[in-house]
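Engineer: Would you mind keeping the following structure in view while I ask a few things?
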Amino acid sequence: MAVYHPPKIPSSEITPQSVYTQRRTFLKLAALGLTTLATTKYAGAAALNSSSSAYMLDEKLTPQKDVTTYNNFYEFGLSKDDPSKLSGNFKSSPWTVTIDGMVSKPATFDLDKLIKELTIESRVYRMRCVEAWSMVIPWDGFPLAALLKKVEPLGSAKYVRFETIVRPDEMPGQSGFFQSLDWPYVEGLRLDEAMNPLTLLAVGLYGETLLNQNGAPLRLVVPWKYGFKGIKSITRISLTDQEPKNTWQIANPQEYGFYANVNPTVDHPRWSQATERRIGEGGFFGANRRPTLPFNGYADEVAALYTGMDLKAHF
Ligand SMILES: Nc1nc2c(c(=O)[nH]1)N[C@H]1C(S)=C(S)[C@@H](COP(=O)(O)O)O[C@H]1N2
Ligand SMILES: [Mo]
């Protein structure tokens, strides 16, 4: 039965906008609880009460304008405003995602079909970039676990490796003088992290289809880890028994690790991680800094994944 968790978005924040793709139509309907999947109508307070409080947050949402113009997406350039300005030629539809490696049923899925099959949920997550800024974002997506279950991971699989698409013709940062990282952008999770119910594959935010700058049409959201784990425009997911080397770790292993759990007590070699700047909130100089929380505030949900591990060594 499809249970849709309603977005905690004040209706004043949702601006009507022309509906120009099937996917967008779907998300719009989903936001209203009107998808065919949800002919079982949204059950109101009952659904709210049954959903984990970790999926909702009593913090002010970061304005949609900031979420869609202050971005990191090096495939489109290095400045925060490059992705929104330089991603106009990127074609995010049609889209397929291939799942291979240590699974019983490897498959290539058409994303539009997948979205119709799986239940799209809305969740408000606190997001923390390794650069010490943060946002609160209302995501729309499905748990990564729901997709992985379809392909039946083998008992030998221990990690999940993700790859971003490579399209230098559409992504100016993948060619020419913007060249900065090795492509494709790669990320990884331990299988138990990937199966955690908090781990989301997002297809939208603020009730609308993802824009290119936010990782259209499919991106990872792991709210207890630094933002760079949230790989965008995913085209391939591989199950493996080897810890994947992720892009930022390859670029600079002294500064970026595999785990990247948000941890105010483990500083980046060049700056403190104890506090963060909330994007979209005013305040002169240090006035809008707030303390960073262990596991970004999701310790109750995920700290047990790391029992017995030295988180200073596994940063
Ligand atoms: N493919 C790809 N994914 C990426 C990045 C990138 O450069 N390329 N940047 C990461 C970083 S550092 C952050 S903080 C988040 C930012 O996501 P947002 O722009 O949607 O807030 O995306 C992550 N995913
Ligand atoms: Mo980041």
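Indices start at 1 and increase along the chain as displayed.
Glycine residues also receive a Cβ, built from the backbone N, Cα and C atoms like all the rest.
From a predicted model like this one, the values you see are computed outputs, not experimental measurements.
Sharing the features that TrEMBL gives for it:
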BINDING   Asn71, Tyr74, Glu75, Cys129, Thr164, Asn214, Arg219, Gly230, Ile231, Lys232  Mo-molybdopterin binding site
DOMAIN    92-248  domain 'Oxidoreductase molybdopterin-binding'
Engineer: Give the number of CB atoms, excluding that of Glu75 (Mo-molybdopterin binding site) itself, located within 10 Å of its CB.
Structural biologist: 30
Engineer: By a simple count, how many Cβ atoms lie within 10 Å of the Cβ of Thr164 (Mo-molybdopterin binding site), its own Cβ left out?
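Structural biologist: For Thr164 (Mo-molybdopterin binding site), the 10 Å Cβ neighbour count is 24.
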Engineer: Is it possible to get the count of other C-beta atoms within 10 angstroms of the C-beta of Asn71 (Mo-molybdopterin binding site)?
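Structural biologist: 23, counting other Cβ atoms within 10 Å of Asn71 (Mo-molybdopterin binding site).
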Engineer: For the domain 'Oxidoreductase molybdopterin-binding' (92-248), would you mind checking the mean pLDDT of the predicted model?
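Structural biologist: 97, rounded to a whole number.
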Engineer: Taking the Cβ of Arg219 (Mo-molybdopterin binding site) as the centre, count every other Cβ atom within 10 Å, in any protein chain shown.
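Structural biologist: For Arg219 (Mo-molybdopterin binding site), the count of other Cβ atoms within 10 Å is 23.
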Engineer: Counting only residues 6+ apart in the same chain, whose Cβ is under 8 Å from the Cβ of Ile231 (Mo-molybdopterin binding site)?
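Structural biologist: Spatial neighbours, sequence-distant, of Ile231 (Mo-molybdopterin binding site): Phe162, Glu163, Thr164, Tyr185, Val186, Glu187, Gly215, Arg219, Leu220.
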Engineer: For Asn71 (Mo-molybdopterin binding site), name the DSSP secondary structure in the helix/strand/coil scheme.
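Structural biologist: Reduced to three states, the DSSP call for Asn71 (Mo-molybdopterin binding site) is coil.
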Engineer: For the Mo-molybdopterin binding site, please report the maximum Cα-Cα distance among Asn71, Tyr74, Glu75, Cys129, Thr164, Asn214, Arg219, Gly230, Ile231, Lys232 in Å.
Structural biologist: 19
Engineer: Helix, strand or coil by DSSP: which one applies to Arg219 (Mo-molybdopterin binding site)?
Structural biologist: strand
